[in-house]
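Asker: Here's a structure for you.
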Ligand SMILES: [Zn+2]
């Protein structure tokens, strides 16, 4: 079925999904068509296993997104910068989430050291620089997948530093309390871990701090983060 013609299968799946959503909530698509007010900007990896809206348990309209190979945030990348500027300045998102993930092909390629070929080697240069800068620490990690996770964490840390140096982000943090978070998605468990970088070093949206609840309201659903790590999801 899906393997015979995955595009045709995807189209028929979309048709079924649209019918289901409209049946479930007749106002869903008309409301969606009226505009977007996402509260989260998600910067993540293009990896097919990391579809942000799905893994957050949110809905269309909830998350503004930029994804690239290995979620590399570079100050000279006009694509990433344009997405950040639009989301922060015009959409007024409350949270910027940079999320890496386990078993990232970019991290694994950077660790392997050899050439991938084409423009990919240029793109992965920042990850290779991270590998070189942390060579000793990484060599001490015996388990290969754990080493790839550590590279992904360091990559998120570097990306958050770039975000915190972004003038648009800096203004929004100062003027209206925009929060910046660095996270890691563990594909094996489906869980997102807050790495504590950025403004979220005190504990932020992805991990409720203290005893207070943190509520992230999407347009069609909301996530409630209780003190500690428990979260519940409500769809209205
Ligand atoms: Zn990846």
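Cβ atoms are placed via backbone N, Cα and C, with glycine included.
Predicted automatically and left uncurated, TrEMBL annotations should be read as such.
Model, not experiment: these values are computed from the prediction.
Taken from TrEMBL, the feature Zn(2+) binding site applies to 45, 47, 101, 104.
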Asker: Cβ within 8 angstroms of the Cβ centroid of 45, 47, 101, 104: which residues besides those meet this for the Zn(2+) site?
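Answerer: The surrounding set, listed in chain order, is 44, 46, 49, 50, 70, 71, 100, 102, 103, 105, 106, 107, 152, 185, 187.
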Asker: Can you count the other CB atoms that lie within 10 A of the CB of residue 47 (Zn(2+) binding site)?
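Answerer: Other Cβ atoms found within 10 Å: 19.
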Asker: Which residues of the same chain, at least 6 positions away in sequence, have a Cβ lying under 8 Å from the Cβ of residue 101 (Zn(2+) binding site)?
Answerer: 44, 45, 47, 49, 50, 71, 152, 184, 185, 186, 187
Asker: Using Cβ atoms only, which residues of the same chain lie under 8 Å from residue 104 (Zn(2+) binding site) while being at least 6 residues apart in sequence?
Answerer: 45, 47, 70, 71, 148, 151, 152
Asker: Name the secondary structure element type, per DSSP in three states, that contains residue 47 (Zn(2+) binding site).
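Answerer: Assignment for residue 47 (Zn(2+) binding site) reads coil.
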Asker: When DSSP is mapped onto helix/strand/coil, what comes out for residue 104 (Zn(2+) binding site)?
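Answerer: In the DSSP reduction, residue 104 (Zn(2+) binding site) maps to coil.
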